[in-house]
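Asks: Here you go, one structure.
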Amino acid sequence: MSLRVMSPAMLNAWSQTLVRAMSTQGGAKNIGFVGLGNMGANMASNLIKAGHKLHVFDISKPACDGLAAKGATVYAKTSELAKNSDFVITMLPNNAIVDASYDEMTADGVNKDTIFIDSSTISPDLVKSLQKKISAKGARFIDAPVSGGVPGAEQATLTFMVGGTEAEYNAVKAVLECMGKKITHCGVYGMGQAAKLCNNMMLAISMIGVSEAMNLAVRQGLDANVFAEIINSSTGRCWASEIYNPVPGVCPSAPANRDYAGGFSSALITKDLGLASGVANASNSPIPLGSLAHKVYQSLCDKGLGNKDFSVVYDLMKKEKFSV
């Protein structure tokens with residue numbers, strides 16, 4: 001079939017298949033993956049689909065079993081996983097866990113050719129600290145956080161924001177392309193995280209804005225689907241409305257249709273907003289809306305909603321009284 005008559009969906013599927021095929025032209029790589037949560041499990045699965053040999057670790061046995069069923073090798077110790085991997089990708093919840101994981105993983109030494117790739121969302125300062133520690137041991141470390149959520153992880157359409165040298169970026173690009181469609185070199189170590197924190201701050205602000213607007217429209221008598229269609233064909237169009245709408249029934253695949261289960265938890269975006277606030281304070285950058293968004297999501301966590309998807313903020317907006 002000629003490319004010019006392919007539908008957009010068919011063309012995207014074809015291009016993703018081509019990218020994956022090209023990623024293993026030099027031979028399948030041994031890739032370690034630590035952290036098999038909502039994002040990590042899907043990212044790891046796409047590496048297997050691309051033909052790489054996957055080595056995995058997670059504290060959750062069911063998560064490990066799910067990848068083992070697809071062909072991955074499960075390890076009891078991350079240090080052993082790292083010694084058997086050309087690349088090691090980490091996808092973990094916070095600074096403390098990432099820091100401790102790398103200490104454990106590299107305690108017995110590292111292979112000189114291994115490249116460690118952290119795709120968690122952590123502080124730029126921790127990135128720089130880890131890079132120095134691992135470089136001193138003879139290996140390489142870069143930051144490569146992601147955007148695109150669980151749908152992007154499932155479909156291998158994530159955006160990767162890479163911090164490191166140009167040579168390191170080129171060395172990891174083919175591996176990252178197995179999991180994403182946009183791989184951007186943001187600059188030196190920590191710049192990937194700087195981009196990610198700014199993006200997530202904007203995401204939180206936009207989700208609150210969409211939730212406020214949707215709630216106001218519904219209370220005026222507008223149908224939620226009608227108003228969402230208007231937003232998505234007007235100047236208010238954004239990812240939080242078009243792909244991840246917080247109102248149940250508007251976007252079939254959004255967490256709003258599963259009682260806000262799964263997805264990107266309110267606890268995690270609260271953590272990210274805290275990191276963004278720290279970076280803003282250190283650089284003397286005003287973030288009035290970012291600070292307010294942090295308070296809103298901290299309020300959600302205080303109300304016991306930290307495990308719910310961050311779009312649950314709409315559910316709180318529906319209540320007659322809402323306060324931060």
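Including glycine, each Cβ sits where the backbone N, Cα and C put it.
Pasting the feature list from Swiss-Prot:
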type	residues	note
ACT_SITE	Lys196	active site
BINDING	29-58, 92-93, Thr121, Lys271	NAD(+) binding site
TRANSIT	1-25	transit peptide
Asks: If you run the three-state DSSP split on the residue listed as 'active site', which class comes out?
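Replies: Where the residue listed as 'active site' sits, the three-state DSSP reduction gives helix.
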Asks: Might you list, by sequence position, any residue in that chain lying six or more from Lys196 (active site) with a Cβ less than 8 Å away from its Cβ?
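Replies: Listed in sequence order: Thr121, Pro145, Val146, Ser147, Met161, Asp272.
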Asks: Determine the most Cβ-crowded residue among the binding-site residues Lys29, Lys49, using a 10 Å radius around each Cβ and all protein chains in the structure.
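Replies: Per the Cβ count, the most surrounded site is Lys29.
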Asks: According to DSSP, which kind of secondary structure is Lys49 (NAD(+) binding site) found in, if we only use helix, strand and coil?
Replies: helix
Asks: Which one of the binding-site residues (Val34, Met39, Leu54) has its C-beta surrounded by the most other C-beta atoms within 10 angstroms?
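Replies: Of Val34, Met39, Leu54, the one with the most crowded Cβ is Val34.
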